[in-house]
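Engineer: My questions all concern the structure below.
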Ligand code: 5GP
């Protein structure tokens, strides 16, 4: 998505550890117009997949997921990162190691919001080593929900995440694909 690539070039800051900071429009301050256009793009890409529900992880996945849900007219569920002290029996859970925060969170989804009737589109802000997506795969598997695809705002293709998704035979669509951060610059896949 050209508009997104241009915005990353303009506002993205490369941090040590192959982390891209995009606090200007995605991870802290949010640009709703750009987010809405992402929602339209996800809707276009996945329009033939007969999706019934969109799933993401709090917090930065929520905005692109809601925008896609708005355009596709589908409900959006976000996995919570903080353990509920009550109703533990009614939750699907999975442990997820966070690439940026270097901690393991137990993510959870209430069983009433995900069933074996659901055909799911997973959306997240970044794809690095695929731990967040794997956590949602585990939750969908526990619920018996069918995974129709994964939509990512920014994929870092030099990390392992895409392999996990492709090995499972799931369709992956990323709106921007970063191939390297050589010389602290963002380089996109297919760029000269
Ligand atoms: P993964 O689980 O694929 O290793 O990492 C994905 C999660 O880590 C995303 O949900 C995102 O919150 C965070 N993340 C991974 N890489 C980056 C990055 O380069 N920049 C930012 N801002 N977040 C990232």
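Cβ from N, Cα, C; glycine included.
Reproduced below are the annotations present in TrEMBL:
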| type | residues | note |
| --- | --- | --- |
| BINDING | 20, 27, 156 | xanthine binding site |
| BINDING | 128, 129, 130, 131, 132 | 5-phospho-alpha-D-ribose 1-diphosphate binding site |
Engineer: Please find which two of 20, 27, 156 have the most distant C-alpha atoms, given that the record lists them as binding xanthine, and give only that distance in angstrom, rounded to a whole number.
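Structural biologist: Taking every pair among 20, 27, 156, the longest Cα gap is 16 Å.
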Engineer: Between residue 130 (5-phospho-alpha-D-ribose 1-diphosphate binding site) and residue 27 (xanthine binding site), how far is it from one CA atom to the other, in Å?
Structural biologist: 18
Engineer: Near residue 131 (5-phospho-alpha-D-ribose 1-diphosphate binding site), which residues of its own chain have a C-beta under 8 A away, given they sit six or more steps off in sequence?
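Structural biologist: 96, 97, 98, 99 - these are the non-local Cβ neighbours of residue 131 (5-phospho-alpha-D-ribose 1-diphosphate binding site), listed in sequence order.
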Engineer: In the same chain, outside 20, 27, 156, whose C-beta lies within 8 angstroms of the Cβ mean position for the xanthine site?
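Structural biologist: For the xanthine site the neighbour list reads 12, 19, 21, 22, 125, 126, 128, 154, 178.
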Engineer: Whole-number Å only: compute the distance from the Cα of residue 132 (5-phospho-alpha-D-ribose 1-diphosphate binding site) to the Cα of residue 156 (xanthine binding site).
Structural biologist: 14
Engineer: What whole-number Å value do you get for the CA-CA distance of residue 27 (xanthine binding site) and residue 128 (5-phospho-alpha-D-ribose 1-diphosphate binding site)?
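Structural biologist: Rounded to a whole number, the Cα-Cα distance is 15 Å.
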